[in-house]
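J.: Features from Swiss-Prot:
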{"type": "CARBOHYD", "residues": "N138", "note": "N-linked glycosylation site"}
{"type": "CARBOHYD", "residues": "N202", "note": "N-linked glycosylation site"}
{"type": "CARBOHYD", "residues": "N360", "note": "N-linked glycosylation site"}
{"type": "TOPO_DOM", "residues": "1-8", "note": "topological domain 'Cytoplasmic'"}
{"type": "TOPO_DOM", "residues": "30-456", "note": "topological domain 'Lumenal'"}
{"type": "TOPO_DOM", "residues": "478-486", "note": "topological domain 'Cytoplasmic'"}
{"type": "TOPO_DOM", "residues": "531-551", "note": "topological domain 'Cytoplasmic'"}
{"type": "TOPO_DOM", "residues": "573-577", "note": "topological domain 'Lumenal'"}
{"type": "TOPO_DOM", "residues": "599-603", "note": "topological domain 'Cytoplasmic'"}
{"type": "TOPO_DOM", "residues": "649-653", "note": "topological domain 'Cytoplasmic'"}
{"type": "TOPO_DOM", "residues": "675-696", "note": "topological domain 'Lumenal'"}
{"type": "TOPO_DOM", "residues": "718-737", "note": "topological domain 'Cytoplasmic'"}
{"type": "TOPO_DOM", "residues": "759-786", "note": "topological domain 'Lumenal'"}
{"type": "TOPO_DOM", "residues": "808-828", "note": "topological domain 'Cytoplasmic'"}
{"type": "TOPO_DOM", "residues": "850-859", "note": "topological domain 'Lumenal'"}
{"type": "TOPO_DOM", "residues": "881-900", "note": "topological domain 'Cytoplasmic'"}
{"type": "TOPO_DOM", "residues": "922-932", "note": "topological domain 'Lumenal'"}
{"type": "TRANSMEM", "residues": "9-29", "note": "transmembrane segment"}
{"type": "TRANSMEM", "residues": "457-477", "note": "transmembrane segment"}
{"type": "TRANSMEM", "residues": "487-507", "note": "transmembrane segment"}
{"type": "TRANSMEM", "residues": "510-530", "note": "transmembrane segment"}
{"type": "TRANSMEM", "residues": "552-572", "note": "transmembrane segment"}
{"type": "TRANSMEM", "residues": "604-624", "note": "transmembrane segment"}
{"type": "TRANSMEM", "residues": "628-648", "note": "transmembrane segment"}
{"type": "TRANSMEM", "residues": "654-674", "note": "transmembrane segment"}
{"type": "TRANSMEM", "residues": "697-717", "note": "transmembrane segment"}
{"type": "TRANSMEM", "residues": "738-758", "note": "transmembrane segment"}
{"type": "TRANSMEM", "residues": "787-807", "note": "transmembrane segment"}
{"type": "TRANSMEM", "residues": "829-849", "note": "transmembrane segment"}
Amino acid sequence: MISLNKKLVLLVGVIFHVAFMWSIFDIYFVSPLIHGMKHHQSTATPPAKRLFLIVGDGLRADKAFEKVRHPTTGESEYLAPFLRSKVMSDATFGISHTRMPTESRPGHVALIAGFYEDVSAVTKGWKENPVDFDSVFNQSRHTYSLGSPDILPMFKHGAEDQSRIDAIMYGHDFEDFTKGSIELDAFVFDHLDEIFDKSKTNKTLDDQLRSDKTVFFLHLLGIDTAGHSYRPYSAEYYDNIKYIDENIEKLVDKVNKFYNDDEQTAWVFTADHGMSDWGSHGDGHPDNTRTPLIAWGAGVNKPIPAFEDKGNHDDYSEVWDLPVKRNDVNQADIASLMSYLVGLNYPSNSVGELPLAFVNATSETKALAIRNNALALVEQYLVKEEQQKGSQIIFKPYPPLSDAGKTIDERLAHIDELIAQGLDQESIVASEELMTYAITGLKYLQTYNWLFLRTLVTIGFFGWIAVAFCSYLLAFVVQSDKPFTTSLPLKGVAYVALAILSGFFVFQKSPLHYHLYAVFPVVFWEAVLQRRTAVAEGISILARRSTSKAPALAAILDIGLSLVLLEAIVYGYFHREIFSVCFGLATLWPFVHNFTVAKREWPTTLAWVVMCAIMSSFTLLEVVKVESIEQILLSGALMLVIGLVFTIHLQRKLALAASTVCVLFAQILLVVATMYFTRESVESLTARNGLPLFSQVGGWISLLLSLAVPFLHFLGSDAKDYRLRLLIIFLAFGPTFVILTISWEGFFYVCFFAILVIWIELETQMRDARVTPQTRADLTPGDFRMALFTFFMSQIGFFGIGNIASISSFSLDSVYRLIPVFDPFSMGALLMFKILVPFAVLSACLGILNLKLGVPPSALFSMVLCVSDILTLNFFYLVVDEGSWLDIGTGISHYCIASGLSLFMMVLEYLSGVLVAGVTIAPHVSKIKKDM
């Protein structure tokens with residue numbers, strides 16, 4: 001039985017949330033990756049000896065095909081006339097539909113390995129991280145890859161024989177978002193030319209280039225870089241597409257001459273992902289998931305003219321004016337297509353289906369190729385089935401592949417019989433059906449243990465909620481040192497349950513951390529049930545402290561309203577507008593709670609109503625913002641005015657020391673400096689002049705000093721006043737919301753801070769009106785409302801300026817001012833810092849609210865812990881692993897954020913103590929000392 005000591009509970013809570021946050025990956029997203037399969041060759045008679053895979057990173061399908069108006073020349077033109085001519089006369093084309101996340105690593109893995117990397121792979125990152133599964137490159141005789149150091153190494157280092165893959169890369173310093181992007185692609189074309197030139201004097205290289213099963217991979221990052229920097233409707237983005245098209249035309253001519261027009265070359269041009277209008281990708285927006293696919297050369301069909309059926313064109317592609325049939329594929333299908341064209345084994349982990357519309361071959365050849373494709377998928381199912389059988393006490397195989405007359409062997413025999421009879425089309429249909437069942441069978445095996453694990457996780461979360469509530473009652477309500485008797489039968493039941501669950505995991509050969517899914521539920525509920533008498537006493541005390549004449553009815557009503565608010569917050573994760581409704585209702589709170597006080601303290605009440613109305617507007621604004629230096633500077637000016645006004649006010653009110661005033665003015669000047677450097681950076685970047693070193697260094701110095709200078713206040717004695725402490729904190733984070741914003745985020749920061757300060761004053765006035773000095777520290781059921789307000793404000797701190805999609809589609813405009821060269825981890829760290837600032841502000845305000853109300857330290861935080869995981873449980877069941885990848889990614893993000901916020905509230909408690917250390921409140925003098 002665990003102790004419910006506050007510090008121990010917090011420690012256990014951290015471990016529990018970290019362990020159970022990972023539960024969705026153990027349940028919904030167990031990696032489908034398996035090893036040990038036999039390889040199956042795509043075709044014994046490959047139509048091509050060599051293949052060129054050209055990936056225009058970040059190229060949208062519409063920009064590749066439609067006529068656009070160039071923003072510089074004003075002329076309407078096709079950006080890729082050579083590729084367009086191929087589509088019209090020599091190629092099969094279509095749209096390749098990608099999956100989320102629409103990022104470079106998963107996109108290239110799908111293209112080259114035919115495998116949709118499981119979502120848990122995001123923990124791997126992509127730089128220098130090898131793919132641990134088979135790929136087209138791995139099956140080739142030799143692959144020449146040229147391009148970005150972010151993509152090439154992962155395929156080379158993940159190959160069985162690394163000497164099989166050449167990776168020719170530029171340095172990371174090439175990826176400077178503030179400079180021209182074309183030089184990235186020029187590097188690729190120039191170095192490919194060098195390879196062919198060297199072969200004239202290098203017999204070994206020449207023989208290698210002329211061998212069969214050779215793959216050339218050109219990763220062209222320029223389009224993506226231009227799109228991030230200047231948007232996909234900019235001259236830079238358009239010019240980069242034109243540059244690529246021109247150089248592909250030159251390359252095709254050079255290759256044909258080198259190989260003496262032997263017609264043994266196949267070409268595939270596509271993109272790993274698209275690009276949204278605001279210059280980002282990552283989510284499931286159609287502009288991100290629709291990419292061009294053009295294939296031509298040996299083994300590829302010629303275009304089919306479009307007649308009455310419009311050639312499969314829809315409203316999206318009709319404007320491209322391409323009178324040929326459009327053939328869409330899933331991104332993973334491209335790996336199967338490439339394998340067929342040069343006669344490679346299908347990658348053993350591929351789930352792609354050979355797109356026969358692209359294949360120029362006899363019906364028998366197609367039938368055999370698609371049969372081999374089905375065999376490769378069936379091989380995965382058989383290996384997976386054997387693994388699952390060995391870990392189950394009772395195993396039930398997948399019915400469509402095990403029922404009489406439908407076994408895999410019987411289905412394959414039927415396919416072979418159809419081919420032998422010359423019924424090629426029927427055999428293709430049968431092979432495609434088998435592939436479908438193999439994929440759904442893999443899904444069946446993946447989800448075999450879902451019910452058991454989800455039940456354990458649910459019981460665990462309810463157990464944690466019960467433990468948090470029990471700990472709160474014992475620490476702040478009962479406050480009794482009276483020992484309680486341990487129930488030995490209950491302890492025995494707990495041990496037996498734990499032994500059974502752990503034994504089951506051992507039999508299944510589950511990872512060691514799975515045992516935590518058994519330990520936490522058993523330990524939590526045993527601890528709570530052992531203290532059931534104390535819990536009942538605590539609830540009784542709270543009921544007696546209730547101001548309601550019918551405490552039971554009031555408790556039911558409060559619980560109901562609390563659940564409504566929590567469910568509204570859940571809804572707000574999908575529709576931010578609900579937070580505006582909540583703020584609208586919050587304007588009524590002072591009048592409903594205590595009309596007399598609301599009327600008497602009308603200035604504070606009016607300020608509350610006004611700020612609620614203003615805050616409600618932020619969650620109605622678009623989360624995708626366009627850079628506006630005017631709004632950035634206006635919000636900075638507002639911070640400046642507030643800083644000056646309150647510095648003067650506090651100087652008069654508190655007679656601040658000269659040193660304190662000097663430090664405050666230094667903080668104000670840092671806001672001014674940040675505004676200046678931000679303006680200089682934006683103007684230079686907008687003019688395409690790159691980031692001036694002076695502005696970059698100045699921006700970094702201003703940002704870092706803004707976080708360091710506040711500590712100078714602790715050298716004096718003035719910083720103990722809570723009003724001064726709030727001003728110090730406000731000015732400390734002000735520069736962050738200047739240099740790391742692109743639009744109205746600075747206004748949100750000011751308003752968020754203001755409403756928290758007003759809330760502190762209003763809560764204090766309400767409490768002063770209903771308590772005596774003797775009962776001031778007593779917690780009542782009504783205090784749970786403050787905990788809910790705190791939790792609600794923590795959600796506003798995040799959703800006030802964005803949502804999940806706005807993080808995945810984070811605009812790089814602001815980080816360019818500090819980091820112009822592509823560095824995803826540093827850029828991501830700056831983003832996370834800006835996101836966390838409102839939580840730090842909330843933490844400080846909550847610490848001061850604790851002091852002003854005179855309630856025990858940590859009481860409000862403890863109450864928040866009792867309710868926060870209700871959100872987590874909601875999102876646990878809202879996680880999906882099928883449907884659109886936008887839904888899948890959103891579900892994962894929501895669950896992790898909800899669980900992370902519960903975890904983060906524990907961190908905020910410590911941060912609160914640090915931020916308000918030494919603060920004193922008058923007339924009820926309390927003090928928090930920094931607890932190390």
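Just so it is clear, glycine is given a Cβ too, placed from its N, Cα and C backbone atoms.
Quantities reported herein were computed from a predicted structural model and do not represent experimental measurements.
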J.: List, by number or range, the same-chain residues at least 6 past the topological domain 'Cytoplasmic' (599-603) whose CB is under 8 A from its CB atoms?
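T.: Distal contacts: 762, 765.
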J.: For the transmembrane segment (457-477), which recorded stretch in the set 9-29, 487-507, 604-624, 829-849 gives the largest number of Cβ pairs separated by under 8 Å?
T.: 9-29
J.: Tell me which of the glycosylation sites N138, N202, N360 sits in the most Cβ-dense spot, judged by other Cβ atoms within 10 Å.
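T.: That would be N138, with the most Cβ atoms nearby.
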J.: According to DSSP, does N360 (N-linked glycosylation site) sit in a helix, a strand, or coil?
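T.: The residue in question, N360 (N-linked glycosylation site), is coil (DSSP, three-state).
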J.: DSSP helix, strand and coil counts for the topological domain 'Cytoplasmic' (531-551)?
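T.: Its residues divide into 15 helix, 0 strand, 6 coil.
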J.: Taking contact to mean three or more C-beta pairs under 8 angstroms, with sequence separation of 6 or more, is the transmembrane segment (604-624) in contact with the transmembrane segment (510-530)?
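T.: Counting Cβ pairs under 8 Å, fewer than 3, so no.
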J.: Where does the mean pLDDT land for the topological domain 'Cytoplasmic' (478-486)?
T.: 64
J.: Using DSSP, how many residues in the topological domain 'Cytoplasmic' (599-603) fall into helix, strand and coil?
T.: 4 helix, 0 strand, 1 coil
J.: Using DSSP and three states only, what is N202 (N-linked glycosylation site)?
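T.: The three-state answer is coil.
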J.: Roughly how many Å separate the Cα of N138 (N-linked glycosylation site) from that of N202 (N-linked glycosylation site), to the nearest whole number?
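T.: If we compare the Cα positions of N138 (N-linked glycosylation site) and N202 (N-linked glycosylation site), the gap is 24 Å.
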J.: Hey, how far is N360 (N-linked glycosylation site) from N202 (N-linked glycosylation site), Cα to Cα, in Å?
T.: 35
J.: Counting only CB pairs under 8 A, let me know which of 552-572, 654-674, 738-758 has the most with the transmembrane segment (628-648).
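T.: It is 738-758, which has the most Cβ pairs under 8 Å.
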J.: Which numbers of helix, strand and coil residues does DSSP report for the topological domain 'Lumenal' (675-696)?
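T.: Taking the topological domain 'Lumenal' (675-696) as a whole: 16 helix, 0 strand, 6 coil.
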J.: Going by DSSP, how much of the topological domain 'Cytoplasmic' (718-737) is helix, how much is strand and how much is coil, in residues?
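T.: Counting residues per DSSP class in the topological domain 'Cytoplasmic' (718-737), I get 17 helix, 1 strand, 2 coil.
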